[in-house]
Amino acid sequence: MSCGAILTTPYLSFPSNIFPRHKLVPATTGNNYVIRCSTSSPGIPVTTERLRNDTLLTGGAFDFEKATTSVTEKVLDSPKKVTIVRHGLSTWNEESRVQGSSNLSMLSEKGAMQAERCKMALSDMHFDQCFSSPISRAKMTAEIIWQGKEEPLLFLDSLKEAHLYFLEGMKNEDAKRIYPKEYTTWREDPSNFCVDGVYPLQKLWERAHEAWEEILLTPGEHFLVVTHKSILRALICTALGLGPERFRSVDINNGGLCVFKFNKGGEAMLHSLNMTAHMYTDHIYHY
């Protein structure tokens with residue numbers, strides 16, 4: 001697919017074969033416009049239209065100051081962008097076992113291939129630092145993606161997966177049969193899942209806040225984070241001001257990518273959720 005645009009002042013006009021019904025649109029004063037037209041198909045650049053102040057005209061927000069809640073409650077040294085990756089498929093994913101915080105589930109052969117796909121998909125991106133959970137399946141994924149970089153990987157305990165106590169290591173069908181009440185609560189009402197007076201999701205939310213502070217207060221502007229699904233859900237929800245009851249409102253595939261932007265006030269905007277085009281094509285991201 002190809003398309004084009006013609007810039008006139010003070011109007012923007014488009015070729016009739018692209019937008020046959022499109023009328024002339026009044027433009028803001030000034031001549032420093034660059035308009036590019038394309039498609040989201042793999043291998044073709046993403047559409048961008050920029051004003052002279054570099055503001056996107058593709059429907060994105062102009063800014064989001066004071067529009068959300070700060071996750072740091074501290075002023076950042078610069079705006080930040082954070083790309084979060086869920087680890088590749090693990091041995092316990094393949095065996096349908098409850099993983100939780102166990103370190104016994106390893107990255108599988110297919111999971112390693114998924115990590116390689118993530119590495120390729122992000123090959124044109126510059127990251128100032130990579131943070132990872134120290135748990136093996138995430139650690140192995142991060143090591144594959146970050147291989148060849150000068151900066152060392154940083155492992156954060158705050159990025160560890162939720163602790164699920166006696167359910168960890170059990171096959172889902174066995175956990176449901178042996179602990180029907182506890183397993184059903186975890187699957188259907190996770191914010192009320194409780195073990196000996198401890199609510200794992202409350203702990204997870206606390207660690208998500210801690211992780212955001214550790215990441216966002218680090219010098220740099222673009223960070224890569226490799227972690228697990230439950231803590232990733234908590235990171236998304238805490239950034240958006242959602243509580244543990246919204247835990248299962250989002251889902252992220254193995255190798256899926258999520259992107260957040262933060263202003264200097266530590267306020268978050270979700271830019272992309274669970275991008276997986278690279279799992280099925282040789283797509284390389286530019287954002």
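Including glycine, each Cβ sits where the backbone N, Cα and C put it.
Worth saying up front: this structure is predicted, and the values here are computed from it rather than measured.
Annotation comment: TrEMBL describes R86, H87, G88, L89, S90, T91, W92, N93, R137 as substrate binding site. For H87, the entry in TrEMBL reads active site, tele-phosphohistidine intermediate. For E161, the entry in TrEMBL reads active site, proton donor/acceptor.
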R86, H87, E161 as recorded positions, winner by CB count within 10 A: H87
Between W92 (substrate binding site) and the residue listed as 'active site, proton donor/acceptor', the C-alpha gap once rounded to whole angstrom: 14
Integer Å distance between the CA atoms belonging to H87 (active site, tele-phosphohistidine intermediate) and R137 (substrate binding site): 6
Same chain, 6+ residues apart, C-beta under 8 Å of the C-beta of S90 (substrate binding site), given in sequence order: Q99, S105, M106, L107, S108, G111, R137, N254
Cα-Cα distance maximum in Å, computed over every pair in R86, H87, G88, L89, S90, T91, W92, N93, R137 that the record assigns to substrate: 15
Distant-in-sequence Cβ neighbours of G88 (substrate binding site), under 8 Å, six or more positions away: L107, S108, K110, G111, A112, M113, Q114, A115, C118, R137, M140, T141, N254, G255
Rounded inter-Cα distance in Å - H87 (active site, tele-phosphohistidine intermediate), E161 (active site, proton donor/acceptor): 11
